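Peer 1: Please see the structure below; I have some questions.
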């Protein structure tokens, strides 16, 4: 493997491992500081909004100033963010930490993505980006597991460790990464109005709404899961890490071994509808359950459902896009980011009203998603009849 690509993969792995490390300890951290579910929602939303705003500028700056420089700046910001969270004793410091963390993600991701494109031979780009996606998922899966066991020592230790990982990634990047003489450009391109008029916007309206609704519901549940289980069955950070890591592993296995097989027998819309119905049933069981192992097993099942929905939506967007793959990908990303921003805000406020309220909201949103899928299926059927 190319040395630079290995370092880029390692950087991405460390970043997402660092993000995952802190998830199991948040309930203990919030209780320690006397913060609420609404506060957690604001912290998560601040990260998402900051990343959403900075990402396009990060891509443009990477093209103008060099991707290595932007990656290194992003890694330093990541470490600063984690260390601030580790020493923070009031909400304003934690909020500033999350904003800086979002900025770091908005710089590292475009820089790494662009540099992988630069140093990859054309016939290996798809494979290398596939590896990047797998490495991101690995960081998310392993992070909570490691963080939960670190929290047995101190609930602030995962944040210090994540900050140290950022410094390690920064040093490796300075020493081992080099900007290529010829590079791709992934920043803003000149907007040509005539291109927008050629796009059949009606094709994308319902899928975009579906993406927003599902991102809203999924992010709402995932943001409050650790706090929810901590309050309901007194899960410790180690328990939360087992649930999230176990669910992530099972979800990844289902994606690898079963997703392609399902796609041979179901259309994306049909598969999404059944996955949503499955998720509703499992979420209802989560509300009813009150035992340690019952909730642990149900948690595994919940994350499997969510991990199957996401690639199906991405696949559907790609299939309807035709020669507008870039536009469809951007639309998918934009509406996903909007859902990831709005969902935690509302879920956090609802949690303070009743701990089950975010689960009820996720159930309602999933049912709304089923209705949207049925509407989209009818629309697609009419379009096919018109083409005949």
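A Cβ is built for glycine as well, from the same backbone N, Cα and C atoms used for every other residue.
Look at Swiss-Prot and you will find 5-25, 42-62, 69-89, 99-119, 129-149, 157-177, 201-221, 239-259, 269-289, 293-313, 331-351, 355-375 tagged as transmembrane segment, backed by sequence analysis.
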Peer 1: I need to check the long-range neighbours of the transmembrane segment (99-119): which residues 6 or more away from its ends have a CB within less than 8 Å of a CB in the stretch?
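Peer 2: Distal contacts: 2, 4-5, 8, 11-12, 15, 19, 46-55, 57-59, 61-63, 67-68, 70-71, 73-78, 80-82, 84-85, 125, 128-129, 132, 177, 179-180, 182-184, 186.
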Peer 1: Can you work out which residues elsewhere in the same chain, 6+ from the ends of the transmembrane segment (129-149), have a Cβ less than 8 Å from its Cβ atoms?
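Peer 2: Beyond its ends, the transmembrane segment (129-149) has Cβ neighbours at 8-9, 12-25, 112-113, 116, 158, 236-242, 244-245, 248-249, 252.
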Peer 1: Using Cβ atoms only, state whether the transmembrane segment (201-221) and the transmembrane segment (5-25) have three or more pairs under 8 Å that are 6 or more apart in sequence.
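Peer 2: Contact absent: fewer than 3 Cβ pairs fall under 8 Å.
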Peer 1: Short question: most Cβ pairs under 8 Å with the transmembrane segment (69-89), which of 5-25, 157-177, 269-289, 293-313, 331-351?
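Peer 2: Comparing 5-25, 157-177, 269-289, 293-313, 331-351 against the transmembrane segment (69-89), the winner is 157-177.
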Peer 1: Answer yes if the transmembrane segment (42-62) and the transmembrane segment (293-313) have at least three CB pairs under 8 Å among residue pairs 6 or more apart in sequence, and no otherwise.
Peer 2: no
